[in-house]
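Written below as structure tokens is the structure these notes are about.
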Amino acid sequence: MRNFSDILLSQDWQNPHIVKWHCRTPHVPLHSYRTEQEARLDVGGNRQSLNGQWRFALFEKPEAVEPAVIDPDFDDSAWAHIPVPSNWQMQGFDKPIYTNIQYPFADRPPYVPQDNPTGCYRHRFTLEKQALTESIRIVFDGVNSAFHLWCNGHWVGYSQDSRLPAEFELTPYLQEGENLLVAMVLRWSDGSYLEDQDMWWLSGIFRDVYLYRKPILAIEDFFIRTELDALYQHAELRVETRLSQVTRHHQVQVALFDAQGECVARSQALHTGQRVVDEKGAWHDKTEHSLAICSPTLWSDEAPYLYRCVICLLDEDGAPIEFESAAVGFRKVEITQGLLKLNGQPLLIRGVNRHEHHPELGHVMDEASMRRDIELMKQHNFNAVRTAHYPNHPRWYELCDEYGLYVVDEANLETHGQFPMSRLSNDPQWVNAYLQRMIGMVERDKNHPCVIIWSLGNESGIGTNHHAMYQWTKQRDPSRPVQYEGGGANTAATDIVCPMYARVDQHQPHPAVPKYALKNWISLPQENRPLILCEYAHAMGNSLGAFYKYWQAFREFPRLQGGFIWDWVDQGISKWDSEGRHYWGYGGDFGDTINDRQFCINGLLFPDRTPHPALHEVKKVQQPYQFSLSYPKLTIHNERLFAALPLELVVSVLCDGQEIKQERLPLDIAPRGTITLDLASLPMLPEHEYHLNAVLLCREDQPWSNAGHCIASEQWCLQPRRSMLPKITHAPLPQWQQDGDKVRIEAANQQWQFNRQTGLLEQWWQNGQPVLSEPLRDNFYRAVLDNDIGTSEAQHLDPNSWIARWHAAGLDKLRVECDDLRVTTLNESVEVVIDVAHYHQQALALRTRWRYQIFGDARVELNVEVMLCSDLPPLPRVGLTLALPVAENPVSWFGRGPHENYPDRLQSAHVGRYTATVDELHTPYIFPSENGLRCDTRQLQVGALVVEGHFHFSLSRYSQTMLDKAKHSNELVAGDKWYLNLDAQHMGVGGDDSWSQSVHPEFLLTQPHYQYQLTLRVKASSPQ
């Protein structure tokens, strides 16, 4: 046995050749049921959870640990209690560190820092004498990053790879009654060089720990395969079982049960060694069963029907010793004709990358959180998930089997911080570490029907070690494709071309790893593989512009079979400031000086699983039903491949945003089917705007939603709004007067005051009450988005980023001068024309001309012209901004909504009439930025102020300046005014990625001249 000092001297955690000591061979999760009924129902078994409160102490390095901590008599009463599972940084020990690419320590593989925080855990448990007659194993489902284990003072073994089980045989070290476990967990190990995965660096025993008992001769592993015939009608169930010892006398029997618990098939009991494999004979610790299954119900994401396979080990007399079982889904994954297919049908992957993240627990995932994630995915039309970038909690796969979600299962491997990235991937010293990460994942997860693709890892370049992983995997499991993006996404180590952030129509040249436009990639010579983006549509902050273009391409080109959005959830950690205000922390907020700021904040959901507005866009764009309208004929095509959903169709007609007619009818559309309906036509008055809405609802409850859930929708404009003749007013002509620099106009109990020096409408009164809190001003800037910042740092702006170009042009700090203000009395109005010049330093940047026409009924017609006078970059926005007193009534508008939308992200935002509070109009992005826009607005009412025209608006308690300065949401402090932005044009948000200029050309504001018109009025009283 190794003593403590030997372990410290050996430094196993800095030796790439050593990844395990005394760990059991990887295998599927085992339960050792003792009856067939237990195995069939997946209840009982012989597991004993060790989760709970353990004693814990943190040391600055392993050498600082007292050798006596492993002794049963050591007094740990002064140690803290810590929950297992947990990350110790989330329990107040040490600090979380976030980096994207760079290692948070000196890059000298395999060596790690001498100051290496080391957590020591002690836990006592009891065993009865009867338990000691069997083999007792302990399983740690996840420990970061490496650990040594002792039991009752005896060294048991060592393990690294934080995302796979470490299993040890404890039997030799156990005793009747009380037993002691001691785990010494190191924050850093040579394995950390392989786990550089754009996430928080957190440590500890963060997944379940349990004991389980097995007979001395027992079922050690089993591999279930389902093979379908050429017509996908009948199947063969193949089960390979491995025992813990060689035996010629024991037998194995296999039975299959359907979802109702009825036995579908039962095999004969077979001895080991039935098939000779080479000149030395057969495997006498293995059996191979084959059962013919007639017309099984097939498994898919749409109809995840599960059987249960029960495996029984029989003794020499035919009596059962133990049982193991697993869920079985009959399905066939294959690549034929350049297409990834399931059960013969080409898949369209509606996928997302998901990190395991909890805002209070770190990397600890409970079942409720996992179920919530899956239900949200299904509700938003996802059918696939990539376990970015490591094997997930074992329960995750069971839930994906159950709910129906395709999984790309990814090895715990990323060396993004290496130079070059492939350095370790080509080093034979590391080949075993690479292989063991792949082997452990495949062996653990091989029986899950949800796993349709294996992944070799992420962002590690390409090297000989990857090819070894690929070859082993294809030999072990030929039934699934293997993918890997590294080295250019189309190497010999991938069955699927799986690029990240390739664009639909734009090549991204690179001397080593070019990214071709998607439409061109699939037409390259000799390239006949399917293309599925392993990452695309970088959802960082206010993002996902032009997402719909990807889906236009996916639907047009069959070999473009979808992709996985980056990513699912913002990796923010809950924090509270000194005033007790909650906010989400990111890199640098915990004293982590090496960090990548908010680059961990790029999810479709906030950390608490509240959806971002962009999630609505994703749901709409990838919805599995497609609509077309040739009024009054409505055609609906079902993109689902395997199972029809009972639906209810709701068709409504809107006149000027108000629903005037609705029809509802039950609907059933066969998979891949199309139906056409005749709608009742409706007479339309020429002076009104009409829209048709079609919404498909789930008619019945689903495992992932209630009846009434909207699964798809579409809107068409039946008749656009027509230009109206100028309104004729019969009210008395407004009166105006000048007093020094002030020009005051009066009409209908309202007054307007202009300042000749500034050119501003300083105030507007109604019955003596001020309408404005701040004047109307030109607005050409926005609080920068993450996509505007790109790769910029606080002290160094990326010169190609939008923020750098806008700041260089002075758009955030233009000096404004009024050149002229003229007042003219017209037939029905008083006209005020103001010429304004905008300077950056001494250079003229823009000119604007504001033309107010104030009518006798107190209506204000505003016309603004914008003329660019210098070589400016595309503008963030063209419009005006003002501030209003806080109002009590909800805001109402006629335009796109109800959620936030932008010119390149509005497919999901239908035109209608909506109401919301000012807080509901604000999107609290973790890194504050421009937010809350509602596009194509015809009418807006805020308090008593009514705005009409065609514009985009946002209303917030916070100004653009406040948003631009804040780094966290708690830094935003509301005052006594609301800030209203009225935009004629607004640049897109982009989102193909977040580090280059990703706004598509048609969503850039590049014209030299803009003009817009608005009508403003104040209602006599606010609506009830």
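Placement of Cβ uses the backbone N, Cα and C atoms for every residue, glycine included.
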Candidate sharing the substrate site with ASN100, ASP198, GLU459, GLU535, TYR536, ALA537, HIS538, TRP995 (per Swiss-Prot), from ASN392, ASN595, ASN602, ASN931: ASN602
Collapsed DSSP category at PHE599 (Na(+) binding site): helix
GLU459 (active site, proton donor) and ASN602 (Na(+) binding site), distance between Cα atoms, whole Å: 18
Under 8 Å by Cβ from TRP995 (substrate binding site), counting only residues of that chain that are 6 or more apart: GLY790, THR791
C-alpha spacing of PHE599 (Na(+) binding site) relative to ASN100 (substrate binding site), in angstrom: 7
Position of peak Cβ density within 10 Å, selected from the binding-site residues ASN100, ASN595, ASN602: ASN602
Closest of HIS389, GLU414, GLU535 to HIS355 (site 'Transition state stabilizer'), Cα positions, recorded positions only: HIS389
GLU459 (active site, proton donor) - helix vs strand vs coil (DSSP): coil
When distances run from the Cα of HIS538 (substrate binding site) to each of the recorded positions HIS389, HIS416, GLU459, ASN595, PHE599, the nearest one: PHE599
Residues ASN100, ASP198, GLU459, GLU535, TYR536, ALA537, HIS538, ASN602, TRP995 binding substrate per the record - widest CA separation, whole Å: 18
